[in-house]
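These come from TrEMBL:
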TRANSMEM  32-57  transmembrane segment
TRANSMEM  69-89  transmembrane segment
TRANSMEM  98-118  transmembrane segment
TRANSMEM  124-144  transmembrane segment
TRANSMEM  156-174  transmembrane segment
TRANSMEM  186-206  transmembrane segment
Amino acid sequence: MGALLLWAWLPLGAARNQQIAPAFKGLRNRRAWLLALYFGLVNCGYMSMVAWLPAYYQQLGWGVLPSGSLLAFMTIFQVIAALLMPVLAQRGIDRRPLLGISLLAQTVGYLGLILAPLEYPHLWVALCGFGLGACFALSLLLTLDHHRDPRQAGQLAAFVQGVGFLINAVSPWLTGWLRELTGNFVSAWVVLTVTVLAMLVVTRVFSPATYRTDSEVVAARHA
């Protein structure tokens, strides 16, 4: 999905800017690190849900087939959101409103899993899936927005996804560890809820006015 979004964006970037892109220095770029951490943390719930959602409902008394079907149900809404949000995002340049909605969807979903997991399980799972799919697509678009040059954008996206997926890889391990420590998955869902709420606050930082694109840097040097 990330590769498809990047491929779809690159021709537009190439048409906008033909400047030769300087080398990307991600390790010394604070905004690159912020984007990478943001990408990893807004999406970390996905790995935990894939690994542990069926086990959570089996612990609550569900059978193997019904609990596994919840994961498929979540994936449907994740795909819908991942395809829909980039289309909606074309209506403006500020990604924060849609990111806020997506993070709130995750929050409500996790709270439902904590407070009323057996009452509306499909609703909570659908909200989690929609929020996760939307956050993946929008956080990648947010990254690409930071550079008009396609090579610079590609380098930044590669760095952000590389670091972000390393963070994602820790998430299911942390969920399992909390399960062993506490005897249930509620503590893990609480951690995910707090993480998402923290990222909702961080989202305010990503105003389009703060983007320093390659074309702006070149223009500043020749001013």
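Using N, Cα and C of the backbone, Cβ positions are placed for all residues, glycine too.
TrEMBL labels come from automatic prediction, so no person has curated them.
Remote same-chain residues near the transmembrane segment (32-57) are listed as 24, 26, 64, 66-68, 70-71, 74, 78, 99, 102-103, 106, 110, 113, 117, 121, 125, 128-129, 132, 135-136, 139-140, 142-143, 146, 156, 159-172, 174-176, 179, 185, 188, 192, 195-196, 198-199, 202-203, 205-206 (criterion: CB distance under 8 Å, separation of at least six residues from the stretch ends). Residues 1-2, 5-6, 9, 13, 35, 38-39, 42-43, 45-46, 49, 53, 70, 73-86, 89, 95, 98-99, 101-110, 112-113, 116-117, 153, 156-157, 160-161, 196, 206 of the same chain lie 6 or more positions beyond the ends of the transmembrane segment (124-144) yet place their CB under 8 Å from a CB of it.
Between the transmembrane segment (186-206) and the listed ranges 69-89, 98-118, 156-174, the one holding the most Cβ pairs under 8 Å is 98-118.
Same-chain neighbours of the transmembrane segment (98-118): 42, 45, 56-57, 60, 81, 85, 88-89, 124-132, 134-135, 138-139, 142, 186, 189-190, 192-193, 196-197, 199-200, 203, 206, counting only residues six or more beyond its ends whose CB sits under 8 Å from a CB of the stretch.
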